[in-house]
Structure formats: structure tokens, C-alpha cells
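Enquirer: Summarising the annotation, Swiss-Prot assigns active site, proton donor to Asp233. Per Swiss-Prot, the feature active site maps to His256; the stated evidence is sequence analysis. Per Swiss-Prot, the feature N-linked glycosylation site maps to Asn89, Asn246, Asn349, Asn387. Taken from Swiss-Prot, the feature repeat 'PbH1 3' applies to 242-262, supported by sequence analysis. If you look up Swiss-Prot, you'll see 272-293 marked as repeat 'PbH1 4', on the strength of sequence analysis. Here Swiss-Prot flags 1-22 as signal peptide, drawing on experimental evidence.
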Amino acid sequence: MACTNNAMRALFLLVLFCIVHGEKEESKGIDAKASGPGGSFDITKLGASGNGKTDSTKAVQEAWASACGGTGKQTILIPKGDFLVGQLNFTGPCKGDVTIQVDGNLLATTDLSQYKDHGNWIEILRVDNLVITGKGNLDGQGPAVWSKNSCTKKYDCKILPNSLVMDFVNNGEVSGVTLLNSKFFHMNMYRCKDMLIKDVTVTAPGDSPNTDGIHMGDSSGITITNTVIGVGDDCISIGPGTSKVNITGVTCGPGHGISIGSLGRYKDEKDVTDINVKDCTLKKTMFGVRIKAYEDAASVLTVSKIHYENIKMEDSANPIFIDMKYCPNKLCTANGASKVTVKDVTFKNITGTSSTPEAVSLLCTAKVPCTGVTMDDVNVEYSGTNNKTMAICTNAKGSTKGCLKELACF
């Protein structure tokens, strides 16, 4: 009987061990494969190394596959450390809502051969309710390849990889993170709706080529707030087909300012309307607030309902600039008048200093003049001593109130 009891006790302990061990193994499986509502995926538990040298692409992609395949709220954790990754494709639709928590640094590979089909670095496609947040960096490591950029010499140049590209993403948020030294654009949104970009930092040297901060096209309901951008091209650029954009509390500089355009380069571009830029500061930028359309425009489109208010210029060149004969690097294919119509544009309470005598330049065309331009309390003065503050206004129609007398175009 004692032997039997001992045998039964041993059998019971063996079964208990197997159950516990099985639960542990099952728990490990849940970490790697989403099942049930909610989940968290730490890339280091999937094989990623934070030493800045080991390729962690596979681990990050595995984390995405698991999170996107799970229901409920799913989180991908990028912990502290430096994680070298190649091209990442985060494709939806997802079963649940995915948050990418960036506490560490993602480093883009500098090996351009790893970006297939002229691809981007991090490309997110057809994902709703996506959140990218944290205090970490998305480092494009652009200095290693900027010398390969030929876009200042060729009209149809081969572009380098953009850092963060979101296509067909709705109800998304990017907050807190820093986008650093992109090879080309830092952030690009295409056909996105209802996106919030807040408390983001975007930084690259002022002479880095085509490193636009945030670009958008064919998108609507975009809000950018409390964001600091200093880059080598436009801090923010609003492309064709975009509407209902609110930009507030943005500090820009260095860079080429906050721009609508360029417009008209390609056929079948759509209108731009309902753009509001408010409570922003531009520091030593090449342009301030700007609308630009190609002089050899291939599209007929309209820019309307544009409102700039409470904008402070700190020694920025060309603070207010509408350019309907835009031709970067003099590489346009033909001369001609832009087919882009600009109307109903308001500049209200624009103050500060300009590093160029031309504080206001409205360069519109005789064939398609700019109309409904309102200049209300525009008081920007030239900071130099070798000339006077002035405005150049060509083929523009509108009204002026409370402006520096030298800037009263109408």
C-alpha cells in the first residue's frame, strides 16, 4: 500500500509537472502568435538585438504579423536599444488595433540594395486605427547616401527611400517620436484620412537634399500640432488632392517653410482646399508660408480656402510667397504659364522679420491671376540694412488692412 501510494504520488507529480510545463510552452507560443483579444510583442523576445549592428528586420516583421493578426488592442514594443533594420512592410487590414511603442531607436540600413522596387524604409499600407508613439527615434541614416541624390541635377531623378510612408491609413496617430536624417522624405501620407501628428520632432541638416519633414497628398482630415521640424527642404508640404488640414503650434527651421505644392507636375492632379495654418513660428527658413505651382503645369486644378494666421517669422527669407512659375533648379521641361488657379487666400497677423527685402511676393500669371487674396495685419520687416522692406505683387487681386505700408499690395 505504501508502495502504491508512493507510486500514485510520483505519477501525480509527473502529471502536474507536465501540465505546468505545457502551460509555460503555451505561454511562449502566445508571445509569438496572437490568439485572443489583446497582445504585446517585444521584438527582443523574437530575436532582435539592440546592438546597432545585428539585422533585426525578421523580428520586427514577425512582431507585425502577430500583432496585425490578433484581435483587440495589440502592441509592438521597440525597447531601449539600437535596432538595425532593413525595409519593413506593415500591411493590413489588421484584425485589431495596433500600437507601435517606440522606446528605442530603429536604424535604417544604409545598403540601398535592400530596398526592393525603389521601396521605402517603413511602409504601412491599409491599416486603420494605427498608433506610433514613444520617445525613441526612427533614424534613416541619410548621411551615408545623400551623395547619391541626383534630384538637383535631373528632372526625373531616382528618389532615395522615404523613412515613414503611410498609404490608405485612416484614424491614425503618430506622437512623441523623433524622425531623424531620412534618406529622402521623413514622413509621407498618401490617401490617408483623419490622421493626428502631435509632439513629433523631425530633424536633418539644413543642407540635406530633399529631406522634407511631413508630406501629404490626396489626403483629408490631417492635423499636425506641437511639432518641431528642421530639415533640408519643406518642413511641411501639402500635395495635390488634399483637403481639411489643420497645422497648429509648429516650429519650422531650418528648411523651406510650410508649403502647398509643388502642384501641377503630373496629369490629373486634384484640387487643394480648406488648409489652415495657425500659431506657427518659422526660424531662418528659405521660405515662410508658400504656394508653388509648376510653370509648365500638366494639370488644371484649383487651390482655395487657404488661411494663415498668427505666424511669426524670425529672420526667414521670402516670408509670404505665392509662386505660379515654380521651377526647381531650373530643370523644368518647358516654359509656360501655370494652369493652377489660386483663390481665397488669407494672411492674418503675420509678424516678425525677413532676411530678404521682399517680405511679400505674389507672383501670379496674367492668364490665371490670383484672386480673393486678403492681407490683414501683415507686418514683417526686412532685418538687413542695405535695402528696404518691399512687396512684389504681380497679377494678384485682393484687399489689404492694417499692413505695413510697404506691403500693401492692394
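Heads up, the Cβ atoms here are built off N, Cα and C, so glycines get one too.
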Enquirer: Apart from its near flanks, which chain residues at least 6 from the ends of the repeat 'PbH1 4' (272-293) lie with a Cβ under 8 angstroms of it?
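Expert: Answer is 235, 238-264, 301-324, 326, 338, 340, 342, 345, 347, 350, 355.
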Enquirer: By the DSSP assignment reduced to helix, strand and coil, which category contains Asn89 (N-linked glycosylation site)?
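Expert: SS state of Asn89 (N-linked glycosylation site) = strand.
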Enquirer: Roughly how many Å lie between the Cα atoms of the residue listed as 'active site' and Asn349 (N-linked glycosylation site), rounded to a whole value?
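Expert: That comes out at 21 Å between the alpha carbons.
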Enquirer: How would DSSP class Asn246 (N-linked glycosylation site) in three states?
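Expert: Once the DSSP labels are grouped into three classes, Asn246 (N-linked glycosylation site) ends up as strand.
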Enquirer: Spatially speaking, which of the recorded positions Asn89, Asp233, Asn246, Asn387 is closest to Asn349 (N-linked glycosylation site)? Use C-alpha to C-alpha, please.
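Expert: Spatially nearest to Asn349 (N-linked glycosylation site) by Cα position is Asn246.
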Enquirer: Of the recorded positions Asn89, Asp233, Asn246, which one sits closest to Asn387 (N-linked glycosylation site) when you measure Cα to Cα?
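Expert: That would be Asp233, the closest of Asn89, Asp233, Asn246 to Asn387 (N-linked glycosylation site).
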Enquirer: Mind telling me which of the glycosylation sites Asn89, Asn387 has the densest Cβ neighbourhood, counting other Cβ atoms within 10 Å?
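Expert: When each Cβ's neighbours within 10 Å are tallied, Asn89 tops the list.
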Enquirer: Count the other Cβ atoms sitting within 10 Å of the Cβ of Asn246 (N-linked glycosylation site), across every protein chain shown.
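Expert: I count 16 other Cβ atoms within 10 Å of it.
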